[in-house]
């Protein structure tokens with residue numbers, strides 16, 4: 001906890017002392033909504049415009065000590081992360097996020113200033129994409145729980161599904177891979193070097209705008225890397241009935257960027273690149289040239305549905321599952 005965070009914890013009234021409605025008023029007062037929000041907080045529900053009559057909706061949750069730690073992250077970091085991971089799901093559909101609805105649970109003795117900092121982080125991240133926080137709920141519970149529902153607009157484009165990949169197309173990524181997993185390992189091992197990697201675990205950096213750009217040029221299928229590259233590509237392979245073959249050479253830049261951190265930890269960087277989640281890069285399949293900012297990392301072949309690396313099965317840990325068992329870390333040849 002930083003000096004500033006300690007100040008928030010010691011000088012602020014608690015959520016219980018203020019009461020639910022006073023806390024909510026503090027969190028929403030003076031916030032400017034984007035033009036797509038026709039009615040924000042203050043009524044029974046919000047009203048958000050849907051430009052082409054369709055709405056893209058996604059929900060995700062963060063639970064303290066499962067998805068974030070308050071001895072690593074500031075409340076503002078948690079707020080930014082909660083919005084970023086939901087916005088990435090909207091991006092992966094080829095849409096843009098326009099509004100977010102937030103649920104927050106915390107112990108009654110939580111300083112109200114910490115809740116305010118959480119919402120500040122949410123507004124900061126939402127502002128990066130021109131979206132707003134339009135409502136939510138506040139409850140008392142034993143630990144912090146943050147639930148975010150994202151609302152998005154396709155702006156007249158067709159949605160990009162997981163099921164559209166076809167043999168003969170190329171696989172491309174925009175964004176960086178393995179950074180969050182490397183940062184997590186550094187945090188767990190108490191290594192204070194590699195500040196940027198440690199930061200990337202706390203606050204991901206989705207490639208905002210690139211989902212819509214991919215949809216505009218006819219991306220066949222797309223997903224954001226939340227659970228790990230291999231795990232998320234398996235969703236596309238199974239939904240589309242195709243085989244995906246990744247190129248290790250095309251991913252070497254990600255490996256090289258993590259080599260120094262891996263050396264400090266005495267480990268191999270490849271599992272971070274292939275299996276590490278929470279980077280929220282976008283991966284998509286294209287028939288023609290890939291859009292600016294994207295890089296080709298593999299190809300799509302006829303089924304059966306599998307994900308390979310240089311034509312071979314990856315035998316190590318393949319990615320996060322909320323109810324899965326821990327696995328070994330694996331290696332690349």
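Keep in mind that glycine also has a Cβ here, set from the backbone N, Cα and C atoms.
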Candidate sharing the Mg(2+) 3 site with 44, 89 (per Swiss-Prot), from 153, 155, 193, 224: 224
Spatial neighbour of residue 227 (Mg(2+) 5 binding site) that is closest, considering only the binding-site residues 59, 60, 136 and their CA atoms: 60
Candidates 44, 58, 137 (binding-site residues) - the one closest to residue 162 (ATP binding site) by CA: 58
Among 44, 224, which are binding-site residues, the residue with the most C-beta atoms within 10 angstroms of its C-beta: 224
Position of peak Cβ density within 10 Å, selected from the binding-site residues 58, 59, 226: 226
